Amino acid sequence: MSDLLSYIISDLTFQLPFTESFLQNALLNGLIYFILAGLFYSLLWSPFQLKPNSRIQLKVTSTFTKRVIELLHSLSAVFIFALVDILLIKAGKAGYTKVYFEHTTLLSFLTSVTLMILLHDTYFYWSHRLLHNPRFYWIHKIHHKSTDPSPFAAFAFHPIETLIEAFFYVLFVVFIPVHVDGIITWQVLQQVDNCILHSGYEIYPSSFLENFVFRFKTSSTVRRRWSESRSTSGVSVAT
């Protein structure tokens, strides 16, 4: 599966004209988004939901119109991320970034993905704080309107906020060597984490708070409290 995604995202993208490669990557990113968001939605919001007693809000307060708006914002983010992906892949093939496509070791792969997760969380924390500044809050305000979110609100960002988010992995691949599979893995993990945090359900057990490692993990409940205030935090780990 990883080799197939690598071929579609890197080799095929490099061979196709820019417009075609953009559409191909946008469709692939959109497909991954819909699969993950749809999976979490069906598991948590359907009549056969797995954790019916774990809903954070007892009453659904969102409307169909709000759900559509969240979906449209998320789709715009998917298209922007796809555009950045293509530019970075073509830049990498031309030798302008440290993305590499040759065989890599498991240790290098795991190290780069872990580093991306930790550095992105730090980047997210400080960029999030910046967007909570009164001068820039109008950009982030769109995301805070999702006070009763579903997994489809995972990327409900203003386009400018999406570009700020994407700028992280632009910086990363310019300075730090990473295999294309590592980027793909990190992006999928980010989508999974965002779907969980915006699911409207508390998936993580309360015992996480007692665990030395997992107590630093942001939960859906904490994320909702932040969405109702103007405070800030990290996205994956509380930095």
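Each residue, glycine too, has its Cβ placed from N, Cα and C.
These come from TrEMBL:
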type	residues	note
DOMAIN	114-213	domain 'Fatty acid hydroxylase'
TRANSMEM	26-48	transmembrane segment
TRANSMEM	68-89	transmembrane segment
TRANSMEM	109-126	transmembrane segment
TRANSMEM	166-189	transmembrane segment
Check: Are there residues at least 6 beyond the ends of the transmembrane segment (26-48) whose Cβ is under 8 Å from a Cβ of it, and what are they?
Finding: 5, 8-9, 74-75, 78-79, 81-83, 85, 150-152, 154-155, 188, 191-192, 195-196, 199-201, 203
Item checked: Cβ contacts under 8 Å made by the transmembrane segment (68-89) with residues that lie 6+ beyond its boundaries -> 9-10, 13-14, 18, 21-22, 25-26, 28-30, 33, 37, 97, 99, 142, 146, 149-150, 152-159, 162-163, 165-166, 169-170, 173, 180, 187
Checklist line | Per-region confidence, the domain 'Fatty acid hydroxylase' (114-213) (mean pLDDT, whole number) | finding: 87
